Each structure stands twice: as C-alpha cells, then as structure tokens.
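Enquirer: So TrEMBL lists the following for this protein:
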BINDING   His64, His66, His219, Asn304  Fe(3+) binding site
BINDING   His64, His66, His219, Asn304  Zn(2+) binding site
BINDING   Arg73, Tyr131, His158, Gln222, Thr309  4-imidazolone-5-propanoate binding site
BINDING   Tyr131, Asn306, Gly308  N-formimidoyl-L-glutamate binding site
DOMAIN    56-375  domain 'Amidohydrolase-related'
Amino acid sequence: MSLLITNIAELMTQDAERRVLKDAAVVVEGERISWIGQAADAPAADTVHDAQGRALLPGWVDSHTHLVFAGDRTAEFEARMAGESYSAGGIGVTMNATRAATDAELLELARARRAEALRGGTTYLEAKTGYGLSTEHEAAIARVTSQVADEVTFLGAHLVPKGAEPEAYVDEVVGPMLAAVAPHAQWADVFCERGAFDEAQSRRVLEACAAAGLKLRVHGNQLGPGAGVRLAVELGAASVDHVNYLEDADVLALAQSWDQYDGGRGPRGTVATCLPACDLSTREPLAPARRLLDAGVQVAIASNLNPGTSYTSAMNYCVTTAVLQMGLSVHEAVRAATFGGALALHREVGDDVDGRRAVGSIAVGHRADLHLLNAPSATHLAYRPGMPLTHAVWQAGAQVV
Ligand SMILES: N=CN[C@@H](CCC(=O)O)C(=O)O
Ligand SMILES: [Zn+2]
C-alpha cells in the first residue's frame, strides 16, 4: 500500500542537505519513505492525505528518557520551586516506589507514557533503567523497558542506594547487574556527578559495559563542572547529556570529536544532548546550546522524562524553549530534536541496515516517521508556544495520531 501526503506548505526534511521544501509532497510505501518532492510532480498512490497547507517534520526522536518508574515527586518539586536545589538523592524516593510496583504495573505505566509521547509527535524513543538499583530490580526494569522503548539503556550507575558501600555497589553494577541487564539493552549510561558517581567509578562502569558490548552514553556536567564530558569523549560515547556547566576545554573536546565525521560512514563523535525541560524544572542555567553549535558540536534535544527533574515528554515544548530561551533558530531546534536525537542513538543513516531504517529525517529509504503540525510552518512551534500543534503522526508508515 502506498500513501501520498500532499499539499504540504513546508516540508522540513532535516536530511543531509537540510532541505526545506515549499508546496511539497511525500510518498510512503509500507514503512518506508519512497519519494519526496514538489506536490505538482508527485506520483500517484493508493491513498491520499491532503495536508491542507500544513507543515510536515520528521517525528521527534527522544534520545533521553527514564520511562519506567512508579510514583511521583510532587513534594520535592514544590520544595524546589520554594528555593531548594536539586540533588541526586531524590532518585532513591523513586527507587522505593518502583521496587514496590509489579512488572505488570510498571509496564502499564510505561505504555501509557509512551502513548502520551506518541500523541505529542515522538515516534522514536530511548529509555533507561536506573530506578531498580539492585541486580534483580534492574533486570526486571530492563525487561519492561525493552517492551516499550526503541532503545534500552542500562543505568544501574544512577545512584548508590542508601546503605550500600559505593565500591561494593560498583562491583555489583559491573558484575552480576551488567550480566543480567545486558541481554535486554544496547546502551550503558552513568550519572557522573557529585552525589552520584565520581570519575574513577564512572570510568570503571563505562569500560566494563563497553567490554560487554554495550555502546556508551553519559549523564554529565549537570550540577557543576566535572569529568563527564571529558570521559564521554575519551571513551567514544555517543552522547553526553545535560551539559549545563562546560569549560572551554569541554566544548573544544566535543567539537574535536566530530573532526573525522563524514555523514555517518566513518566514526561519529560525541553528541551534546540538551534537556531544556529539565533545566527549567531544576532551575539550573540552561545548557549552552548556542555556544555548542557555534563551536561545531552536534547537538540533540531530548525530554529527559522522569519524575524528579523533568516530568514531561513534550518535545514540542522542549523545541519551543530551545528557540525562545537558548538562542537556537527554529530549524536548528527541530534538527536537534529529530536528526540530533537519531545521531545520539546511531540511527541517523541507513536504508534497511540490519533490518532497520534511519529515523530523524525525511529522506528516501528512511523510516516514515512523520509529524504534521496544525500550522503552516515549524516557526509556529515557537511563535505560538504551548498551543496543541500536533495534528497527525505516522510511525513506520502507519498513522497513529
Ligand atoms: N540526572 C540524573 N538523572 C535524572 C534525574 C533522576 C531523578 O531525579 O529521578 C536526570 O537525568 O535528570
Ligand atoms: Zn536523565
């Protein structure tokens, strides 16, 4: 079955040439984009969707979520709004609530959140473990996560649980916990921050996970300057996330990591993933996305959905914030939330590579993940902040919204 989406006022492809087409059309065959071009030149298809002058973007690629948890942290949020600062310790509150839930309850909660994200235009999503913090609970959460997320990240090194001795806990993370979770995960992450894991502990976790075949990502430089960015670049992590507190040397290292990049055929560098909703909720300085882009760093924008620092999956809101408060153009912000997220997950290139297609851009051969706005241009995301602009969504060629 083929589908022609026509009468698109603005088609923001986020493809290699960063093309933005006016009066455009897209043809989808099965799960795959098979044609893009001017509406007047479009081939016939089995069915037609008249976009009626709306804007079409790639579906959002949310490359940083903590989708699987129970409970909420309203009281902590209220305290923060009253002037308290965020600390990693709150993770323990969610650990207790999550351990108390059954796997079936966690799956139901996560499925509801995944559906909410999809309704907001998120067609591809990464999710982390990290609220189990024991071998048994991390393995259970990894199994649940693999049923709802497109990419699964092992984050046993999220917090040393209360009562545990840090080095003994790291021994567990790199030993039995890693062995139990690795079959369900593609990625490993560590919260390299004061109050969580120091540089040596983070390095140990990341090296062990890499040796077990997991690709790397890092939570770093969120609450103050630190080793996260440096470690991520040194170990070839796909992404370092938060990046609120950066020294010039961090920005330089991130930029240099992209020196050899040739569009995905050779090695990739380390993406800097900015989490605007989290920055606002924690009242941390916004990540310096403008400075990073100007330095030549590849940037992603993600939701960081979690009950502590960012209880939202609204990527429209993250993009709006990036434009209004972080100094990005609309095109740059949309790129970071689509192509940038895909790059941070090594999914930005490929026409049926290992049975999977590229996501995060609209190009022939890529997965037909499409987001139709109820607006004539993507500019309206920032121009009409907070308005419900998601009109229709296709995921792998199927209309889901
Ligand atoms: N920074 C570490 N982890 C989460 C917060 C987790 C929590 O507080 O529950 C984050 O990305 O912000
Ligand atoms: Zn996070």
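Each residue, glycine too, has its Cβ placed from N, Cα and C.
What's the neighbourhood like for these features in this structure?
Expert: Remark: Asn304 (Fe(3+) binding site) has His64, Thr65, His66, Asp241, Leu275, Ala277, Cys278, Ser310 as non-local neighbours, by Cβ distance under 8 Å and separation of at least 6 in sequence.
In this view, His64 (Fe(3+) binding site) is surrounded by 30 other Cβ atoms within 10 Å of its Cβ, with every protein chain counted.
Close to Tyr131 (4-imidazolone-5-propanoate binding site) in the fold, though at least 6 residues off in sequence, lie His66, Val68, Phe69, Ile91, Thr94, Met95, Thr98, His137, Ile141, His158, each with a CB less than 8 Å from its CB.
Look at Gly308 (N-formimidoyl-L-glutamate binding site): DSSP puts it in coil. Summarising the environment of Gly308 (N-formimidoyl-L-glutamate binding site), the number of other Cβ atoms within 10 Å of its Cβ, over all protein chains shown, is 25.
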Enquirer: Taking only C-alpha atoms and a 10 A limit, tell me which of Arg73, Asn306, Thr309 are near His219 (Fe(3+) binding site). These are the binding-site residues.
Expert: none
Enquirer: Go through His66, His219, our binding-site residues, and report the one whose Cβ sees the most other Cβ atoms within 10 Å.
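Expert: The residue with the most neighbouring Cβ atoms within 10 Å is His219.
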Enquirer: Within 8 Å of the Cβ centre of His64, His66, His219, Asn304, which other residues of the chain have their Cβ, at the recorded Fe(3+) site?
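Expert: The answer, listed by sequence position, is Thr65, Lys128, Asp241, His242, Leu275, Cys278, Ala302, Leu305, Asn306, Ser310.
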Enquirer: State, in Å as a whole number, the widest CA to CA span among the N-formimidoyl-L-glutamate-binding residues Tyr131, Asn306, Gly308 given in the record.
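Expert: Value for the max Cα separation, rounded to a whole number: 11 Å.
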